[in-house]
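Visitor: So TrEMBL says this about it:
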- 169: active site, charge relay system (ACT_SITE)
- 225: active site, charge relay system (ACT_SITE)
- 388: active site, charge relay system (ACT_SITE)
- 41-112: domain 'Fervidolysin-like N-terminal prodomain' (DOMAIN)
- 162-406: domain 'Peptidase S8/S53' (DOMAIN)
- 663-684: region 'Disordered' (REGION)
C-alpha cells in the first residue's frame, strides 16, 4: 500500500478556494452606497448610519480635552452609554469613515466605531387558518419527553410572573388578547405623575418599557415582528389562539426597530442597558447586522447584563466560522460574550433551515424557526420564518428554567454562565448538527430536569455504540475530476450520540473491479482534525484515466469507530495542449504613419486553453507596394518599426504569432494587421502670421510673436528661429539682430520699418521647414523723459527698552505716485555710524536700530537718499524739501 503526504498543498488550495467563495458571497453588496434616505452606508456585508458614530474616550481624558475634540471634529452629543461610550452626530464635512479612522488614532480615544444598522431576522409566511393545535410544531419539538398530549416540560413549569423577558425588537402589541396579561409594568411610573421621571432612570412615563427608536414611552409595535416573537415566548395559556413557551412570565417591550424593521446599534445598546437597569432576567434579540470586528459598546452592554442574551444567528445562509476568520461577525449573535446564546433555525423535520446562518464554533444551538405560528398585531395570528422565530423559543425556555429554579428553591440558584451550560447540556444531539452548531437542538424538558434540587433525574444515557454512516447520505466528493483539478472530500451524514472526529484517506486505482485494496495508491489526510478546511486533493498528470474515492473513518469520544466510502469517480484524461487562436480581434499598427516616425504592434485578442495570461508573442513586419498586394518580410521582429523616407507611399503591416507555455509548446497561426500607408513628412503650415509686439520706440525693445503653426506630426514637433529685417531707403531689406528675441531698437533705427521672419522646423526625416514674415512696423523716435521730483517725511520715531539696552524705531513716508522705493539711511550715536537700506511697502518703511547700550543717551537717524523702483524711474528725490533727520533719545 503506497502512502504519500499532501498536507501542505491541501491547506494552500483550501485557502484559495475558500477565499474565492468569500469574494463571491460578498460580491452583491457594493461599497459605500447611500440608501434613498441618505442614512445608510454599506461596506462588504456591513451596514451603518452615515450621520453618527460611537466613540469611547479614555478614562483619564479631561472634560476640556473631550469638548475640544468634539468641537474640532464638529461632533454633537446624542446619547451616552453606561459603559462610557457616546453616540455623536456629525455636523461637519468629514465622513463617518474618515472620522472613525482619525479618532481611532488619537491617544485619548479608547475606540471609535460605526453605528451599525440592525435588522429583524424573519421572513413572511402563510396566513393562519385558525387551527393552532396542528401548527405549534415548535412547541412539540422542544419538548423531548415526546408526550405531546401532556407535555413533559410544561408539567414541570409554565413560568413565574416574577421572571421578566426583555423583548428588544419592533415593540409589542400590548393590548393583544394573548399578551395583555403578561406585559411588564413599571409600578413606580404607573402610580407616579404624568410627564415626570418618577423612578429617576432617565426615562419619563416608561410604564411598559421604552421606544428608543422614537424617543418616547410608547413601545407599541408598528411592524409585527416584536409581537410575533413575544407570543412565542409568553402568549397566555387562556384557550385563545396560541400559547407561549413560558405562558406565565412577563414581557418587557423595548422598541428600537422602526416600521421597516431596522434600527441603530446605539439604540440597541441603550435598550440593553435599560433591560439591566430595570431588572430583566432574559433578553430576546431577534435581529442583527454584520460588523467588522467586535464593537466594544455592544460587547460591554451585553457583558454587563446579568442574565442570558438570546440572539438570532442571521438569515443569509452564511458559515459564520468562515467569515469570522476575516473579522466579520453577525452582531450580536457571534460576539464572544459568555452570556450570549446564539441560535440557528431548523425546519419541522429537524434539518437546518435553508436560510439560517450557522457555525460549528460561533453558533450554540438550533431551535424551531420555519413556519412558526404566533401572535401578530390586532388580536390576530400568523406564520413567520427565520432565526428570529427560533430565538424566542430559546428565550422562553431560559425563562422556564429560571421560573422552575424560583418555584423549587425560592430564588435563582445559578449564575448566567451555569444557566447557559445547563441549557446547552440539555440539547438533543444529532450528527447532522455537529457541523453547523456547537451543541444540538433546544430541549426544554431536559433543561428543566437540570434545575437544582428538582427531585427529578434525567433518564440514563443509552449505551454507547459504534458510529455509523447514514446510507442515504454517504461520503462524497465534489470538484474537478481532471489533471490540475481540485477535489474536495465530504463526510456525509453519521449517526452517533456524541461528537465525532473524521479521518480521510484518498484512494486511487486503475480498475476498482479488478484491483485489490493492496493495489490502491493512498494518501492519508487529517485536515478535518487539524485544519479549518476540508481535505482537498489536487489531481496530478499520472492519475489521469484512473478512479478515485475517499475512505472516511468516524471516531467517537470513547474510541469507537465506523468506516464508509464514497463512490468511485473517473478522472478524465489530460486534454492535449491546443495552440492559441486569434479571437477575431486582429492585431493592429498604431502611431503616425509618417516617414521618420516609429509605429507599434498591438497584439489583438487571443484565446488559449492554458489561459491568455501565459501567452508570449513574436512579430514580423512586412511591406507592400499596395494595400492588398503581396507583402514581403522586412526582417524586423521587434514590437515597433521605424518608418523611412524610402517607404513613402508603401504599405506596412505586422504579423503576430502567439506562443503558449504548454508541454509541448504550441504556436498559433500568424495573424496579420490591416496594412497602413506611409506618407511623406509635410512641411509646417503657418495658420496665424507672426507679429512684433512692444512699444517700437527707439531705445526700447521689440518682441517676436511667432503666430500659430500646425504640423502633420503635431505642433510639439516644431522648433522656431527668428530673423529681424530692416527696410532700407531703396525698399530692400537687410538682416539685423540675428535670432535675438527680444530685439533692442537703437536710436539709428528711428523712422525705419522693421519686420520679423519666423522659420518653423519639424523633426521629420527628412527635416522640413517653412518661413513666414510679419508686416512692417515703424520705429518711432524716442520720447524726451519728464523728470518729476518727490519728497519724504519722517512720520514717527520712538525708543523701546529691551533688558539692559534700548532700540529706536523710525517710520519714513514718500509721496511717490507709484508708491514703491528703496530708502538709504544711516544711524549715528556720535561715535559710530551704521548704514542700511529698506524697501517701502505702500509708500512707507519702518526701520529699527540695532540694540543700543544704556550709557548712550540718543541716536540720530538720517536719510541718505531714496531711489524709486522700476515703475517710478522718471521720478527723482528732492532732499531740499524733505525731512532728512531725526534724533531719538533713550527711554
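The backbone N, Cα and C atoms fix where each Cβ goes, glycine too.
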Visitor: For residue 169 (active site, charge relay system), name the DSSP secondary structure in the helix/strand/coil scheme.
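Guide: In the DSSP reduction, residue 169 (active site, charge relay system) maps to strand.
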Visitor: Using the alpha carbons only, what distance in Å do you get between residue 225 (active site, charge relay system) and residue 169 (active site, charge relay system) once rounded?
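Guide: About 7 Å separates the two Cα atoms.
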Visitor: Taking the Cβ of residue 388 (active site, charge relay system) as the centre, how many other Cβ atoms fall within a 10 Å radius?
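Guide: Other Cβ atoms within 10 Å of residue 388 (active site, charge relay system): 32.
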Visitor: Enter the number of other CB atoms within 10 angstroms of the CB of residue 169 (active site, charge relay system).
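Guide: By my count, 30.
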Visitor: For the domain 'Fervidolysin-like N-terminal prodomain' (41-112), provide the mean pLDDT of the predicted model.
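Guide: Computed over the domain 'Fervidolysin-like N-terminal prodomain' (41-112), the mean pLDDT is 89 on the 0 to 100 scale.
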Visitor: Residue 169 (active site, charge relay system) to residue 388 (active site, charge relay system): how many Å between their Cα atoms?
Guide: 10
Visitor: As a quick check of your reading of DSSP, tell me how many residues in the region 'Disordered' (663-684) are helical, how many are strand and how many are coil.
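Guide: DSSP classes over the region 'Disordered' (663-684) add up to 0 helix, 6 strand, 16 coil.
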Visitor: So, by DSSP, how many helix, strand and coil residues make up the domain 'Fervidolysin-like N-terminal prodomain' (41-112)?
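Guide: When I sort the residues of the domain 'Fervidolysin-like N-terminal prodomain' (41-112) into the three classes, I find 19 helix, 30 strand, 23 coil.
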